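Asks: Residues or ranges marked as disulfide bond in Swiss-Prot (evidence: similarity to another entry): 26-72, 61-111, 184-438, 253-270, 279-288, 498-520. Summarising the annotation, Swiss-Prot assigns N-linked glycosylation site to 37, 51, 77, 95, 144, 177, 284, 347, 352, 378, 488, 511 and lists sequence analysis as the type of evidence. As annotated by Swiss-Prot, active site, acyl-ester intermediate applies to 185. Taken from Swiss-Prot, the feature Ca(2+) binding site applies to 254, 257, 259, 261, 263, supported by similarity to another entry. Per Swiss-Prot, active site, charge relay system is recorded for 397, 437.
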């Protein structure tokens, strides 16, 4: 008795595990895992509020994450060839609801999106994520290694999903009833890849701000650099001037939707005249631009054409130009663009941005390694198996043009010969006015797409819940509710974002903060 008492004092965690079936199951789980091509690195019980250990995470991916719920965390390597592997994590929550979800990546991948894992686990999803096959937001690992490139192009999410589902079935006696996907940016592209190439992987796919026209998006970065020039050019446009240009564009376009709220609801209905900003001799160069600079702005805000005259990529969103300045208008080629051409297109570390031409863009598109372009409109297999695709894109996105998401929607409509009402049965796309890249922005951009965009003050604004309602209950979203939050986290106002091809018009009688004063037309 005395010995037992001493042991209970010395080993409180062990005693707790002995009385906690969930923790015991987690502690014993590693012995049950025997999956082909999987090497388990760790299995650990993590209590709600506990910091997630970053000991085995690549240094460039380390982030501060606290578990939202009690969970069992599995870290592992998944071999995809004799020259490539994925770092992956599975988070298996105590409050499991019988649902599985896979998460995607961002940028040039390289990191497990642990915030997305945490978000999904919070709502009872068994969740998995990979690093896309390499460490960090860089293309250098693609040099002379096509297998690593294949992981990034299409393989990582699918392989992670296969393993994640197996782990879910091993850990929970009931297995899983439904499977989902959640991703944005590169994660959006990966979501579309899954729909197009692996239609049976998920019952519901959430794909936001998708980089699906990936190759041409990469080349667009070079086009924008060429359009705006080097930093030492006499007509170079500084970040401060881009802010002035942005303010003028918003001034000209804000009221097109009927409300003076500082937000351009749909950039397609905006046609700003940049020449209004040309200095007239009585203004200084800090609040106006030269004619040569106006010409540069017009080039930068125009469609990007390939050498054969076809549109490779649509123009930048009006309203996003100020935030684009720090990425595309710096006087240097966008880093991800330069890396892609150096390590993939030319596979030559000596290649530099000065060598880029329109023929380079043509070559990149012709290569399309492992069909990384997720632009195939034939998604009939996903439709026919009952899958649901929910897509969103911020109209203020400074990195990926939201027009590209519209173009893909139209491509699907044409390929399937389907009217919007028919596409609505399985594919719904929402433009989110005032949203930047995957979030933030000046509008009601908090739609519950992940941590930092969900608030318990409005629990109904939750993309995962919306998708579950559609897949499991047949309740398709007619609009996408979004919140504009104040600095203290309180809700300033809510807006009902329209389902494409409709767009929002302010019709009153309330002001722009009243969600019922807007009409989708």
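These residue numbers are counts, starting from 1, taken along the chain as shown.
The backbone N, Cα and C atoms fix where each Cβ goes, and this holds for glycine too.
Neighbours and distances for these, please.
Replies: Classification of residue 26 (disulfide bond) by DSSP places it within a helix. In sequence order, 43, 44, 45, 72, 92 are the residues of the chain that are 6 or more apart from residue 26 (disulfide bond) and have a CB within less than 8 Å of its CB.
Just so you know, the Cβ of residue 37 (N-linked glycosylation site) picks up 15 other Cβ atoms within 10 Å once every protein chain is counted.
Every protein chain shown contributes to the tally, and the Cβ of residue 51 (N-linked glycosylation site) ends up with 10 other Cβ atoms within 10 Å. Residue 51 (N-linked glycosylation site) carries a strand DSSP state (E or B).
DSSP assigns residue 61 (disulfide bond) to a helix. Counting every protein chain shown, the Cβ of residue 61 (disulfide bond) has 17 other Cβ atoms within 10 Å.
Annotation for residue 77 (N-linked glycosylation site): spatial neighbours 38, 39, 41, 85, 86, 87, 88, criterion Cβ-Cβ under 8 Å with sequence separation of six or more.
Within 10 Å of the C-beta of residue 95 (N-linked glycosylation site) there are 15 other C-beta atoms, taking all protein chains into account.
Sequence-distant neighbours of residue 144 (N-linked glycosylation site): residues of the same chain at least 6 apart with a C-beta under 8 Å from its C-beta are 347.
Note on residue 177 (N-linked glycosylation site): other Cβ atoms within 10 Å of its Cβ, all shown chains, come to 11.
A strand conformation is recorded for residue 184 (disulfide bond) in the three-state DSSP classification. Neighbour count (other Cβ atoms within 10 Å of the Cβ, all protein chains): 31 for residue 184 (disulfide bond).
For residue 185 (active site, acyl-ester intermediate), the count of additional Cβ atoms within 10 Å of its Cβ stands at 21 [all protein chains shown].
In the three-state DSSP assignment, the secondary structure recorded for residue 253 (disulfide bond) is helix.
Residue 254 (Ca(2+) binding site) has a Cβ environment of 18 other Cβ atoms inside 10 Å.
Following the DSSP three-state reduction, the secondary structure of residue 279 (disulfide bond) is coil.
Cβ-based neighbour count (10 Å, all protein chains) for residue 347 (N-linked glycosylation site) stands at 13.
For residue 352 (N-linked glycosylation site), the count of additional Cβ atoms within 10 Å of its Cβ stands at 12 [all protein chains shown].
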Asks: Suppose the Ca(2+) site is 254, 257, 259, 261, 263. Which further residues of the same chain have a Cβ inside 8 angstroms of that site's Cβ centroid?
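Replies: Leaving out the recorded residues gives 255, 256, 258, 260, 262, 264, 265, 433, 506, 512.
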Asks: Counting distance between Cα atoms, which of the recorded positions 51, 111, 263, 378, 488 is nearest residue 498 (disulfide bond)?
Replies: 263
Asks: Tell me, how many other CB atoms lie within 10 A of the CB of residue 253 (disulfide bond), whichever protein chain they belong to?
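Replies: There are 20 such Cβ atoms around residue 253 (disulfide bond).
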Asks: Are there recorded positions among 51, 61, 95, 270, 352 that sit within 10 Å of residue 254 (Ca(2+) binding site), Cα to Cα? If so, list them; otherwise say none.
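Replies: Near residue 254 (Ca(2+) binding site), where near means Cα within 10 Å, the recorded positions are 270.
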Asks: In the structure shown, which of the disulfide-bonded residues 288, 438, 520 has the fewest Cβ neighbours within 10 Å?
Replies: 520
Asks: In whole Å, note down how far the CA of residue 397 (active site, charge relay system) lies from the CA of residue 437 (active site, charge relay system).
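Replies: Residue 437 (active site, charge relay system) and residue 397 (active site, charge relay system) have their Cα atoms 5 Å apart.
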